[in-house]
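A.B. asks: According to TrEMBL, the protein carries these features:
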DOMAIN    8-242  domain 'Carbohydrate kinase FGGY N-terminal'
BINDING   Ala13, Ser14, Ser15, Gly16, Arg17, Thr259, Gln304, Gly402  ATP binding site
BINDING   Gly83, His236, Asp237, Thr238, Asn296  substrate binding site
ACT_SITE  Asp237  active site, proton acceptor
DOMAIN    253-440  domain 'Carbohydrate kinase FGGY C-terminal'
DISULFID  Cys413-Cys417  disulfide bond
Amino acid sequence: MTIRNLAAIDLGASSGRVMLARWDADRQKLTLNEIHRFTNGFKQVAGHDCWDLDRLEREILTGLTLLDNDSCRLDGIGIDTWGVDYVLLDEQGERVGEAVSYRDHRTDGVMTRVTAELGYKTLYRHTGIQFLPFNTLYQLKALSERQAETIAKAAHFVMIPDYFTYRLTGKLNREYTNASTTQLLNLENGDWDQSLLDYLGIPRRWFGTPRLPGNTVGEWRCPSGQAVPVIAVASHDTASAVVAAPLRDRHSAYLSSGTWSLMGFESDVPYNNETALVANITNEGGVSGTFRVLKNIMGLWLLQSVCRELAIADLPALIARAADQPPFSSLINPNDERFLNPPSMVQAIRDACRETDQPAPKDNAALARVILDSLALCYRQVLQELSSLRGAELNHLYIVGGGCQNQLLNQLCADICQIPVTAGPVEATALGNVGCQLMTLGDVADLACWRRIVERSFPTRRYLPRTFPEFSVVWQRFRVICTSSKKTENERLR
């Protein structure tokens, strides 16, 4: 009997997990269990929001050590994390400076200046990446302007998952899917864009060569002495989530729902034409030669921030009360930059409502309802943009990730987008991580085969659209609100 034991290390912006997958090739049976869970968040260093990499490394090692026993001989380890954030190393492989979070305010105003200097059309043609103020390009620009001494000490640039791979193996790797989030890769050749590195004044030797997922970087030596292969999976968490999404055909769209909502479709070719530019669509790297043509939406960060601020521990109870609230009483543009990292998310939402002559939500349930209604409307808007870009109707949405457990949001999405929604699997990112490992080891033939395995092994739930007569009025209200709040962003890019 052939059984593979695989560790999937999945780090998110608010939590991390070490998961154990067991794949029985003879019985075609897949199981996934959480071994170790831990929190993640910022720490303040010299006034900046930074990731505590040392603590995260200790948590990763705690989880892996729990798997170092006679009943579980690991066959592989894969690491995925969020995108855009990076670590600098010196010639000796030691960290230089802090790993500053993408939500830190050091990039405020930087995107405006960079796009003015380079030309946003030229930049988009080179990279095909969505203009977001925290992209790595703007982080490095802020660093070069404020911390020249850090630049002088650095010798290597690695993304967050590549840093932890380095810490486990001692080997440097630059995995392609996460590198593609930086807005520094050339869309045409998949390598670092030399003109952008020249603009930043950063040497090419820092970066190495981006490598596609599916290679063994090195080995981690267990406390017991076993050498375990560390495999470069699709290390951007969304890329791994898409690997496990049960997409059917070119009419399928996905929504990776979590702290961020990432809606898109899978494509063999990128889209960096004028239509994609106007819609601010991103072309990030996928597995098996694919592109993730998608748009970043602020997502459940808004609700998570409200819960943290108001010390709300029972999220299901809050959503149940939100379901009883009158729909569409007040709406916001979830992608308004004011919601990226405000001092008070509650106040930011109330202010946005007042500024658009809507009643400010007074209690927790009303706040949650504003967020969920607005997210579902935003999903419709993005789905329309994606359908127009593809030139084909996207008629089924597959929601994966932790956010797919939010039944109210799932049904709102089906109702407002007017298409069927399939929710699940919840653990799509970890499953995609595992799928990449098994494809690398030769146990699974290809992406389509892995998706069939996941679909057989993990439950999904289907939501059918309902209609309501007043929707056209609601939709028009939402579009006016978005146009108003996006005006300064569009002017800034131009």
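Even glycines carry a Cβ here, placed using N, Cα and C.
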A.B. asks: If you draw a 10 Å sphere on the Cβ of Ser15 (ATP binding site), how many other Cβ atoms land inside?
C.D. replies: 14
A.B. asks: How many other Cβ atoms sit within 10 Å of the Cβ of Cys413 (disulfide bond)?
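C.D. replies: I count 29 other Cβ atoms within 10 Å of it.
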A.B. asks: Give me the non-local Cβ neighbours of His236 (substrate binding site): same chain, 6+ apart in sequence, Cβ-Cβ under 8 Å, ordered along the sequence.
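C.D. replies: Expected: Asp80, Thr81, Trp82, Gly83, Pro161, Thr177, Asn178, Ser180, Thr181, Glu284, Gly285.
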A.B. asks: Say you check the Cα of Arg17 (ATP binding site) against those of the recorded positions Asp237, Thr238, Asn296, Cys413, Cys417; which is nearest?
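C.D. replies: The smallest Cα gap between Arg17 (ATP binding site) and any of the recorded positions is with Asp237.
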A.B. asks: List the other residues in this chain whose Cβ sits within 8 Å of the Cβ centroid of the substrate site residues Gly83, His236, Asp237, Thr238, Asn296, in sequence order.
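C.D. replies: Same chain, not in Gly83, His236, Asp237, Thr238, Asn296, Cβ within 8 Å: Trp82, Asn178, Thr181, Ala239, Ser256, Trp260, Leu262, Glu284.
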A.B. asks: Give me the CA-CA distance between Thr259 (ATP binding site) and Cys413 (disulfide bond), in Å, as a whole number.
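C.D. replies: Distance between the two Cα atoms comes out at 17 Å.
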A.B. asks: Would you mind pulling the DSSP three-state label for Thr259 (ATP binding site)?
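C.D. replies: In three-state terms, Thr259 (ATP binding site) counts as coil.
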A.B. asks: As a test of the contact definition, list every same-chain residue at least 6 positions from Cys417 (disulfide bond) whose Cβ is closer than 8 Å to its Cβ.
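C.D. replies: Cys417 (disulfide bond) has long-range Cβ partners Ala376, Tyr379, Arg380, Leu383, Leu397, Pro465.
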A.B. asks: How many whole Å apart are the CA atoms of Ser15 (ATP binding site) and Cys413 (disulfide bond)?
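C.D. replies: Cα-Cα distance, Ser15 (ATP binding site) to Cys413 (disulfide bond): 26 Å.
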A.B. asks: Return only the integer: C-alpha distance in Å from Gly402 (ATP binding site) to Thr238 (substrate binding site).
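C.D. replies: Spelling it out, the Cα of Gly402 (ATP binding site) and the Cα of Thr238 (substrate binding site) are 12 Å apart.
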A.B. asks: What is the nearest of the binding-site residues Ala13, Ser14, Gln304 to Thr238 (substrate binding site), using the Cα of each?
C.D. replies: Ala13
A.B. asks: At the level of the C-alpha atoms, what whole-angstrom distance separates Gln304 (ATP binding site) and Asn296 (substrate binding site)?
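C.D. replies: Rounded to a whole number, the Cα-Cα distance is 17 Å.
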A.B. asks: Expressed to the nearest Å, what is the distance separating Ala13 (ATP binding site) and Asp237 (substrate binding site) at their Cα atoms?
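C.D. replies: Roughly 11 Å, rounded to the nearest whole number.
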